[in-house]
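Undergrad: Have a look at this one.
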Amino acid sequence: MKHRTFFSLCAKFGCLLALGACSPKIVDAGAATVPHTLSTLKTADNRPASVYLKKDKPTLIKFWASWCPLCLSELGQTEKWAQDAKFSSANLITVASPGFLHEKKDGDFQKWYAGLNYPKLPVVTDNGGTIAQSLNISVYPSWALIGKDSDVQRIVKGSINEAQALALIRDPNADLGSLKHSFYKPDTQKKDSKIMNTRTIYLAGGCFWGLEAYFQRIDGVVDAVSGYANGNTKNPSYEDVSYRHTGHAETVKVTYDADKLSLDDILQYFFRVVDPTSLNKQGNDTGTQYRSGVYYTDPAEKAVIAAALKREQQKYQLPLVVENEPLKNFYDAEEYHQDYLIKNPNGYCHIDIRKADEPLPGKTKTAPQGKGFDAATYKKPSDAELKRTLTEEQYQVTQNSATEYAFSHEYDHLFKPGIYVDVVSGEPLFSSADKYDSGCGWPSFTRPIDAKSVTEHDDFSYNMRRTEVRSHAADSHLGHVFPDGPRDKGGLRYCINGASLKFIPLEQMDAAGYGALKGKVK
């Protein structure tokens, strides 16, 4: 999935080692003791966990961590679920694991969580992560469903929405994929639309988490998907590939804009982050599934790949062991593997993702565009008027600095040409030309239309230090800005609540009084 974004810890530190392996082991025998272990623990406010565990109900457990931004954004949502009558047929609790998988130590976690305000959220602390380890939890957030008879019925790795959670409680085997959020997609059937000239190549270079994240950062790459290629069985699982010798290689399907990048460009980026002389091993990962290879679907590409390999060989004394073969088969990896380092910025990564930001020899970056408008024109209505005209969510977000749920707003995946204005005052804030899919769950921009249209403030909520972004004219809370955006566009990610914005389509800008800004829209 295409999310050209941050991986802030990965980018800053060259990728941190989480567990020293690309993916988890199979759930171990200790999983059978989960219900008993859970009942002996206490919550963050020192209440017995057994208070939340009714014996005649299944138990839905959410595993999360203080360092996981997606987890933090979902705390309020999970608290509401825990109080919602729709969830009354199950015990709904959350588990934090101090001292495990980079979580804070127990005392530090307790002190940190005491500074938050989720009084009705059941947070059980499992010091050392005994339960998480027995269930092989290595992705945050993750969910576990424990049946009435104390059996582990299902593990779900990644975020789930309300419909998925309820379906899981009703049926442990429910098809959760059919209940994903659906988002607006641009109309590609318009006569004036341009069809992108895309090509696809399949690259194997060790653990696919890092390789997928690396290519997602490269300008001109449209999509990067983790999967299993050139094996001997159909529809393999991770466990099949890792433990049952299926012959597949962990591979990333890279789709790129051929008008921006050539296959040779892609291969140059590829060779930057793999050791082409290492047989069945990249980073800390060893096995035939971690072999290196370039798999093509167009026979004409074999010669291009061969030429690139010949050029690369000149850099090494040892022979290259990179496969140059036609693609025999490719199967998407499980959902929790997709965009893994977006979901888990602390996750294992065997390559230096920062190399994606280094232009290839002879390549240049786009120069920034000009800016400018008078923000003093826009006024903030009275509070009474705002309560009358705004929705409850819009009011709470803009006036009380609330945060909408991740992936909940239609603007997150809206990419029509136009501008985004302050829903309170109408002040122009952001352009579709600067919008990108960061994968964080909120509309993301590389810059405002004009730097003077927003103000920045220190924000110490969640016991963290972040930079809040507010509108200039109406002082509306918009979101936050982070230094993990696309490097070639300034390196900033303005992470903005959709509820703070109003979208003005390009074709309506003249009528709405924003015609002078049409040049800011692509």
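Sequential numbering from 1, following the chain as shown.
Cβ atoms are placed via backbone N, Cα and C, with glycine included.
Pulled the feature table from Swiss-Prot, pasting it below:
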{"type": "ACT_SITE", "residues": "Cys207", "note": "active site"}
{"type": "ACT_SITE", "residues": "Cys495", "note": "active site, nucleophile"}
{"type": "DISULFID", "residues": "Cys68-Cys71", "note": "disulfide bond"}
{"type": "DISULFID", "residues": "Cys440-Cys495", "note": "disulfide bond"}
{"type": "DOMAIN", "residues": "17-174", "note": "domain 'Thioredoxin'"}
{"type": "DOMAIN", "residues": "383-506", "note": "domain 'MsrB'"}
{"type": "REGION", "residues": "199-354", "note": "region 'Peptide methionine sulfoxide reductase A'"}
Undergrad: Taking DSSP as the reference, which of helix, strand or coil describes the residue listed as 'active site, nucleophile'?
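TA: Its secondary structure by DSSP: strand.
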Undergrad: Taking helix as H, G and I and strand as E and B in DSSP, count the residues of the domain 'MsrB' (383-506) in helix, strand and coil.
TA: 36 helix, 40 strand, 48 coil
Undergrad: Just the number: how many Å between the Cα atoms of Cys71 (disulfide bond) and the residue listed as 'active site'?
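TA: So the Cα of the residue listed as 'active site' lies 24 Å away from that of Cys71 (disulfide bond).
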Undergrad: Looking at the recorded positions Cys68, Cys207, Cys495, whose Cα is closest in space to that of Cys440 (disulfide bond)?
TA: Cys495
Undergrad: List, in sequence order, the same-chain residues at least six positions removed whose CB sits under 8 Å from that of Cys495 (active site, nucleophile)?
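TA: In sequence order, the residues whose Cβ lies under 8 Å from that of Cys495 (active site, nucleophile) (at least 6 apart) are Ser438, Cys440, Trp442, Pro443, Ser444, Gly479, His480, Val481, Phe482.
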Undergrad: If you measure the residue listed as 'active site' to Cys68 (disulfide bond) at Cα, how many Å is it?
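TA: So the alpha carbons of the residue listed as 'active site' and Cys68 (disulfide bond) sit roughly 21 Å from each other.
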